[in-house]
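Here is what TrEMBL says about this protein:
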| type | residues | note |
| --- | --- | --- |
| BINDING | GLY37, ALA38, GLY39, LYS40, GLY41, THR42, ARG158, ARG204 | ATP binding site |
| BINDING | ARG63, THR85, ILE86, VAL87, GLY117, PHE118, PRO119, ARG120, ARG165, ARG176 | ribonucleoside 5'-phosphate binding site |
| BINDING | ASN124 | CMP binding site |
| REGION | 57-87 | region 'NMPbind' |
Amino acid sequence: MCLRSIFQIASRRFRTTLVNPVMSSKPNVVFVLGGPGAGKGTQCERIVKDFGYIHLSAGELLRAERNKPNSEVGALIEKHITEGTIVPVKITCGLLAQAMVETMAVDANKNNFLVDGFPRNKDNLDGWNSEMGDKSNVRFVLFFDCDEQVCMNRCLARGQAGSGRSDDNVDSLKKRIQTYHDSTMPIIDYYNQQKLVRQINAGRPVDEVCLVLIIVLYTYYCHFTV
């Protein structure tokens with residue numbers, strides 16, 4: 001049986017398990033973490049397409065805010081993005097919370113969110129717990145584990161293909177990867193101690209990563225819904 005067929009079967013079975021697994025007035029949140037270029041956005045797109053999650057990328061929300069002509073924090077966001085440092089948590093949390101509220105206001109059943117690229121450091125984590133701790137249900141963390149050189153090669157290729165991202169270059173990438181090791185890995189360790197981390201080998205081809213991801217999520221929700 002080919003990989004695509006296996007993927008389709010797993011996808012259908014998973015969908016029957018994942019239809020509104022937890023109904024709640026609060027957003028159900030899955031944090032998606034990993035180094036730059038680990039494939040978080042690519043795999044989130046597949047989960048959204050097949051399973052109806054809402055994908056919120058902290059980076060995309062920040063870049064969208066930065067590009068607004070009348071944004072009061074656009075210049076500050078651009079400075080942090082270019083330097084490979086982390087935007088103040090109040091800004092990021094505010095954008096994430098606003099996106100969730102607006103989504104659920106349109107359809108209360110759309111309360112399952114993939115939050116991609118957040119929390120990236122302890123300040124992010126503390127800010128989330130303070131601002132959103134009692135307003136959301138953090139279900140688990142998807143950790144996309146990928147070799148550093150593979151991540152860098154992917155980002156550089158993305159930049160050469162015209163991603164439009166000002167940080168898809170060698171200098172910014174080195175800073176982003178160092179920030180990831182120094183600041184984000186401790187957050188993954190924190191959630192791992194709570195047994196909330198689901199680790200994925202993200203260095204594999206896209207379809208293989210997606211299949212493993214489906215199995216990991218299917219196993220989790222089978223346990224979660226018992």
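Glycine residues also receive a Cβ, built from the backbone N, Cα and C atoms like all the rest.
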ATP site residues GLY37, ALA38, GLY39, LYS40, GLY41, THR42, ARG158, ARG204: biggest Cα-Cα distance, Å?
-> 17
For ILE86 (ribonucleoside 5'-phosphate binding site), which residues in the same chain are close in space, meaning a Cβ under 8 Å from its Cβ, but six or more apart along the sequence?
-> HIS80, ARG120, ASN121, ASP123, ASN124, THR179, SER183
Among GLY41, GLY117, which are binding-site residues, the residue with the most C-beta atoms within 10 angstroms of its C-beta = GLY117
Which whole-number value in Å describes the distance between the Cα atoms of LYS40 (ATP binding site) and ARG165 (ribonucleoside 5'-phosphate binding site)?
-> 16
Counting other Cβ atoms within 10 Å, pick out the least crowded of the binding-site residues THR42, ASN124.
-> THR42
Quick one: Cα separation, ALA38 (ATP binding site) versus PRO119 (ribonucleoside 5'-phosphate binding site), in Å?
-> 16
Taking every protein chain shown into account, which of the binding-site residues LYS40, ARG63, ARG158, ARG204 has the largest tally of Cβ atoms within 10 Å of its Cβ?
-> LYS40
Integer Cα-Cα distance in angstrom, GLY39 (ATP binding site) to GLY117 (ribonucleoside 5'-phosphate binding site) = 11
PRO119 (ribonucleoside 5'-phosphate binding site), number of other Cβ atoms within 10 Å = 29
